[in-house]
Amino acid sequence: MEGKEEDVRLGANKFSERQPIGTAAQGGGDDKDYKEPPPAPLFEPGELKSWSFYRAGIAEFVATFLFLYITILTVMGVSKSNSKCATVGIQGIAWSFGGMIFALVYCTAGISGGHINPAVTFGLFLARKLSLTRAVFYIVMQCLGAICGAGVVKGFQQGLYMGNGGGANVVAPGYTKGSGLGAEIIGTFVLVYTVFSATDAKRNARDSHVPILAPLPIGFAVFLVHLATIPITGTGINPARSLGAAIIYNREHAWSHHWIFWVGPFIGAALAAIYHQVIIRAIPFKRRS
């Protein structure tokens, strides 16, 4: 009862429950303080006539461009130094990726949802958070933004870029392709599960007075995954990031393992979507009327 009074004090009770299914059904239905959003249609032709649709795609392009630009520059800065003590090191690279995701999700969440990652978009699509039309558009714009971001880095310092791997993701020597695939699956699962949890309708209703909460754990998840998997794969968990660096670097070894950085993140995203929607929230993908 005390928790309910706290929710009322914060104004969270203005979110009424739409359907008493899943976790909502466990508490009696009408007294819930959040509203489950309806599932997005598979196809939404009307979106193609809306400026907000294209604005969201542009936001994804710009965010992914900035993400690749800052993070690949950081990787190049670490790679060019003979002494790792003179650079930010692996921890700095991890902070660069996590910090940029935190900042960019905060900036673009209200416009496009702040995906900046095809795996995140794919996971949210499986959970019917967006239409197939929007998901495909986002993924295309994310990949284009990543290519442009890596291209600008190469344009600034081509010799350094080409001589230090171009930030391309590869499975490190001493690890098998299976190990790399597993690292990408688990790393992406952590990220996408965090995205689902941070943007959950129930959590949003109760934490709406602290709008910075969603970008913070998402960025921190990216930081932690990078700390763990940079030594294994350089950390992909974002197919657009891997594709952009591979296209601009364009050396054979950057492509030999490239499939891992699409298959792994998409499997991890699918598992996270199933786990959160079906196990945690008990919300079936096809909702009952």
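Just so you know, glycine gets a Cβ as well, placed from its N, Cα and C.
Annotations in TrEMBL come from automatic prediction, not curation.
Pulled from TrEMBL, these are the features on record:
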REGION    1-39  region 'Disordered'
TRANSMEM  53-76  transmembrane segment
TRANSMEM  88-115  transmembrane segment
TRANSMEM  135-153  transmembrane segment
TRANSMEM  212-232  transmembrane segment
TRANSMEM  259-280  transmembrane segment
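Note: the stretches the transmembrane segment (135-153) and the transmembrane segment (53-76) are in contact (3+ CB pairs below 8 A, sequence gap of 6 or more). The stretch from 53-76, 212-232, 259-280 that makes the most Cβ contacts under 8 Å with the transmembrane segment (88-115) is 212-232.
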